[in-house]
Amino acid sequence: MKVAVASRNPNKVRAVEEAYRLFGIPARVSSVDKPPSLPPQPVGLEAVVAGAVERAKAALAAAGEAEHGVGIEAGALEAGGRHLDVTVAAVADRGGLVTLGFGPAFQIPDVFLGDVLRGVELGVLAERHFGKAAVGYREGIIGLLTRGRVTRLDLNVVAVAMALVPRLPANAQLYRFWKTAP
């Protein structure tokens, strides 16, 4: 299966490869540019989901041979009076079906929160604070906060895997859209 991901970030490309492999789905993953209209730091659950969906549809449109387009978006949401960083993945197909998955979320450090809510990318803030370049292309802020025990790749893989769950053949009877999905 040919799969396109709307990101040039090797971390996201690898996450898509690993998620498909997890379910035994042979996939050749290519990367395309993300849509230019996306904000650097989406705030609010609907904005994060919309970003993932927009990326997935853009990937499918940009890679004419792809059967699936994948979008991975991380952003801030409020829950329980706290602000969390969550990763959302969307998988779109040529039949128009879009499925969603979420990765684990973690509480955004207080020292970054004000800037994040103003739209500054969390990865940029982490780079400045920790003095490391290209954090989002490597371990992510979660990797820095957990001293490498949990990485951005881990969050991305889980999000994409969860977006694939409704598409697994074993789940065909559980989802109403299955008969119309390729």
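Don't overthink the numbers, they just go from 1 along the chain as shown.
Just so it is clear, glycine is given a Cβ too, placed from its N, Cα and C backbone atoms.
It should be emphasised that the depicted structure is a prediction, and the values quoted were computed from it without experimental measurement.
If you draw a 10 Å sphere around the CB of GLU65 (Mg(2+) binding site), it holds 8 other CB atoms from the protein chains shown. If you look up Swiss-Prot, you'll see GLU65 marked as Mg(2+) binding site, on the strength of sequence analysis.
Following the DSSP three-state reduction, the secondary structure of GLU65 (Mg(2+) binding site) is coil. Annotation source Swiss-Prot lists substrate binding site at GLU65, ALA66, citing sequence analysis.
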